[in-house]
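> Here it is, the structure in full.
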Amino acid sequence: MKQKVVVGLSGGVDSSVACYLLLQQGYEVEGLFMRNWDSATNNDILGNTNINDDICPQEQDYLDAKAVADKLNIKLHRVDFIKEYWDYVFSYFIEEYKKARTPNPDILCNKYIKFDKFLNYAINQLNADYIAMGHYAKVEFNKTTKQYELIKASDINKDQTYFLSQLNQNQLSKTLFPLANLTKEQVRKIALEQNLITANKKDSTGICFIGERNFTSFLQNYIPSQTGDIVDIKTNKVLGKHIGIMYYTIGQRKGINLSGMSEPYYVADKDVKKNILYVCSTSDQSYLYSTSCLVNDINWILDISKYVDDVNQFECQAKFRYRQLDNKVVVKKIDDNNYKVMFKKPLKAITIGQQAVFYLDDICLGGAVIDKVIK
C-alpha cells in the first residue's frame with residue numbers, strides 16, 4: 001500500500017515541483033492549500049496595494065495551485081488557519097514591534113502553522129503518513145544518535161534551515177523535503193518540462209502569508225506611531241525626527257531621511273522608553289558592532305548532548321539573519337531558557353528580536369530569540 005503524503009501546495013513553483021517529484025517516487029500525493037490571512041477581517045488596509053483588486057493574490061495562488069493539482073491529477077484540499085495565524089504568529093509579531101524589536105514571522109509561521117496546525121490537519125483529517133513542503137532543506141535520520149537531523153540544502157543560496165530552526169523531532173519525523181538536493185534553476189526546469197503553470201511564477205516575498213506591503217503604512221493599521229528625536233550616538237546631537245521608532249531596524253541606512261549630511265548615517269540603537277533613535281555616521285560604524293548577545297526562548301531541534309562535549313559551553317557556528325554567512329561562536333548556558341552567545345570576531349548589526357540559529361557544520365541544532373546585544 002502506498003504511503004500518503006499531503007503537500008503544502010501554495011501556488012508557487014517549489015511546492016508544485018515537490019508534488020511532481022513525490023508522485024515520481026511512488027507516493028500517494030494530495031495537495032492542501034492554506035489560507036492564513038484575510039485582509040478585511042484583519043483590517044489590512046493601509047499599505048495594501050491589492051485592497052481594490054478584483055482578485056486578491058491569495059485567491060490567484062489558489063487558482064494556480066488548483067491548476068497544478070489538475071495537471072498532476074491529484075486532489076486539492078483547502079483549509080483556513082486565519083484565526084490561528086493571528087493568534088500564534090501575527091499577535092506576537094505586533095507585540096514585538098510595539099517594543100521596537102524586529103521579529104521574524106516566517107520562523108513562527110513554520111513552527112505554529114505549517115508544521116503544527118497544517119501537520120495535524122493532514123494527519124488527523126486527511127490520513128497522511130507524511131507532509132511535504134517546497135522548502136530547500138534536508139531531513140535525515142542519524143542511526144548512531146537516533147535523532148532526526150535538519151541539514152542545509154544542497155543549494156546553499158536557497159537553504160531555508162534558518163526558518164525551520166524552531167521545529168522539533170516529531171515534526172521532522174513526519175516531514176519530507178523533496179527539493180533537498182535541487183537548485184532553484186533545476187526546479188524551474190522541471191516545472192517547465194512538465195508544463196506546470198507555476199514554472200515562471202516569481203518567488204513570493206514580503207511577510208509570510210500576507211505578502212508585499214508598504215511596511216510603514218501596514219504597521220499603522222495595528223500600532224499608533226509616535227515621532228521622536230534622531231540622535232547621533234557619538235555626539236548626542238539631535239539630527240532630525242523619526243516617524244516612529246518601530247519602523248527602523250539596526251544597521252538600516254535607507255529611509256532615515258536625514259538631509260544635508262556629509263556622509264550616510266545608519267541606525268545604531270533604539271531607546272524605547274525615551275523614544276530616541278540613535279544613529280552613527282559611516283566613519284563611526286564601530287557603533288554597529290557587538291561582541292556577544294543574550295538569547296532566550298531556545299529550541300534545540302535535537303538532543304545536543306549527543307553532538308557536543310559539554311552542553312553548558314560549546315563551540316559551533318551561528319547565523320543571526322537569513323543568508324548571513326556562518327559565524328564561529330561559543331554558546332554558554334545561563335539557565336534552561338537563557339544562553340550567552342560569544343562571537344569569535346565582532347559582528348555588525350545584530351538585531352534584538354531576530355533569531356540566532358546554531359549549526360554544527362551543515363546540521364541545524366536549533367534557534368533562539370536575540371534578547372540583548374552586548375557591545
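In case you wondered, yes, glycine gets a Cβ from its N, Cα and C as well.
Source: prediction; values computed, not measured.
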> Kindly point out which candidate in M1, M34 is recorded by Swiss-Prot as part of the ATP site with G8, L9, S10, G11, G12, V13, D14, S15, G134.
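ATP site check in Swiss-Prot: besides G8, L9, S10, G11, G12, V13, D14, S15, G134, the record includes M34 out of M1, M34.
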> Select the closest residue to G12 (ATP binding site) from the following recorded positions, measuring between CA atoms: C109, H135, Q354.
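Going through C109, H135, Q354 one by one, the closest to G12 (ATP binding site) is H135.
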> Based on Cβ atoms within 10 Å, give me the single least packed residue among the binding-site residues G8, G12.
G12
> Using a Cβ cut-off under 8 Å and a sequence separation of 6 or more, which residues in the same chain sit near Q354 (site 'Interaction with tRNA')?
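In sequence order, T102, P103, N104, F320, R321, V369, I370 meet the Cβ cut-off.
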> Tell me which residues of the chain lie with their Cβ under 8 angstroms from that of D14 (ATP binding site), as long as they are six or more apart in sequence?
G134, H135, Y136, L179, V187
> Please work out the number of neighbouring Cβ atoms within 10 Å of the Cβ of S10 (ATP binding site), leaving out its own Cβ.
26
> Near C109 (disulfide bond), how many other Cβ atoms are within 10 Å of its Cβ?
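There are 26 such Cβ atoms around C109 (disulfide bond).
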